[in-house]
Amino acid sequence: MATITTSTVNDYSHLDPELKRLTQLWSENASIDKALYQKYDVKRGLRDANGRGVLASLTRISEVKGYTVDDNDTIPCEGVLYYRGYDVREIVKGVLSEKRFGFEETVYLLLFGKLPTRGQLDEFREMLNEYRHLPKNFVRDVVMKVPTSDMMNTLARSILTLYCYDDRANDTSPENVLRQCLQLTVNTPQLAIYSYLAYRSARGDGLYLHRPQPELSMAENILYLLREDKSFTELEARALDAALILHADHGSNNSTFTNHVVSSSGTDTYSVIAASLCALKGPRHGGANIKVVQMMDDLKASVDDPTNESQVREYLQNVLDKKALDGKGLIYGMGHAVYSLSDPRAEVLRTFVQSISKEKGLTEEMDIYQTVEKVATEMISQHSGRPTAVNVDFYSGFLYKMLGLPYELYTPLFAIARMAGWSAHRMEGLVESSKIIRPACKCIEKRRPYVPMNER
Ligand SMILES: CC(=O)SCCNC(=O)CCNC(=O)[C@H](O)C(C)(C)COP(=O)(O)OP(=O)(O)OC[C@H]1O[C@@H](n2cnc3c(N)ncnc32)[C@H](O)[C@@H]1OP(=O)(O)O
Ligand SMILES: O=C([O-])CC(=O)C(=O)O
């Protein structure tokens, strides 16, 4: 099987000096005086001066609450997330107490705005099962080709290619878009997991591909497809189901806003979803879940005692000073554009990892996470002058690690869940994005007369 190795990638190193020179030229003409942002009242990152998001749309799908506003002052509060008006913690609690799997119900709720009755849910699951099919030879011809360690890119490629197999790919009528969204939602687990198994096999591990089972929930099918012996425990499947519910939607987050921007141009569903995937993989968004686990491994490798608070503080200071980890100055899994005192999803995930870590004998690892949480919260809050808390990505990777899931699939798991939200927003955008999204930008370059070549 083809893998990317340096010998198959063209060598352009002879162009490096020229590339360096052009990069230097670019940097001489790239800077913008920071003071101008204030002068022109630019909403950087589409935020106002308080850091609050600019109001750019209305939605009925989900609400993210991280502060209240009093006389234009931002007052931090405990975070709450509502799907169609229902507190997500209540949804997780409800399905757990009724010993059901809740992700499919969440997809239904986000898309159609109502909690399904048992009959409606059964019919919906049957419909999803019918749609759970990839085109003939798609796995062989697309998914398994050129396997790489980045499943998000492979997933985006697969989804873009599915366009070619759809006779009504460009039809943006609600009924057709709904069909496309349901097909993509139910097939994303296979696309992601088969890509991972192809990558593993290219590294020398044996290849196996199981078929999803109609009687299993989305969470159970993910574990079934991934494990060579197809086995999983009830606790593992329920924890994964809860994680899928918690990741299903989140207001006007970066990848969902991308969804709206791309949708508003009138393009097809495959292009919209691929664009959202590309946004989600970024380390400041969904890609942070891999980064957290890498940060924890780096911490353990860098200090003598990772449970010792002062050693953890020293390491995290090095991260903030860009001297450790990836040199970006970010402590991953910390902070949020909306939440202040807490991210409700991280609260639920913390409870899960606490009990699973006890069961798996990993309480010391849990202690390290909690020490990092405590110290990083203090450090970032002090720096920003605002309360900061762990976000959804802080504990999700630890949960997946305890479930034995490979880190290459952490962000794809986020994407599998977020397909629900992207689908609901894609549908909502069909009516709401009748106006093409096109913010303004002020050009600060001076106007100049064109100079003929022989006069430069
Ligand atoms: C699913 C999700 O997308 S959840 C987010 C996942 N991403 C991460 O975990 C990556 C780490 N976190 C971050 O990069 C940020 O906190 C974000 C992108 C999530 C939010 O960014 P913002 O809304 O700009 O945060 P905010 O305005 O509160 O930041 C204020 C200051 O604190 C800093 N800060 C915020 N979070 C962090 C962090 N995790 N590490 C270091 N510094 C941070 C900011 O850089 C900023 O500093 P500055 O004023 O010197 O520029
Ligand atoms: O809302 C955000 O900015 C990011 C986030 O937590 C998510 O997409 O789940």
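Using N, Cα and C of the backbone, Cβ positions are placed for all residues, glycine too.
Note that TrEMBL annotation is computational and uncurated.
Residues or ranges marked as active site by TrEMBL: H336 (among others). DSSP classifies H336 (active site) as coil under the three-state reduction.
Marked as active site by TrEMBL: D393 (among others). Within 10 Å of the C-beta atom of D393 (active site) sit 30 other C-beta atoms, taking all shown protein chains into account.
A gap of 10 Å separates the Cα atoms of H336 (active site) and D393 (active site).
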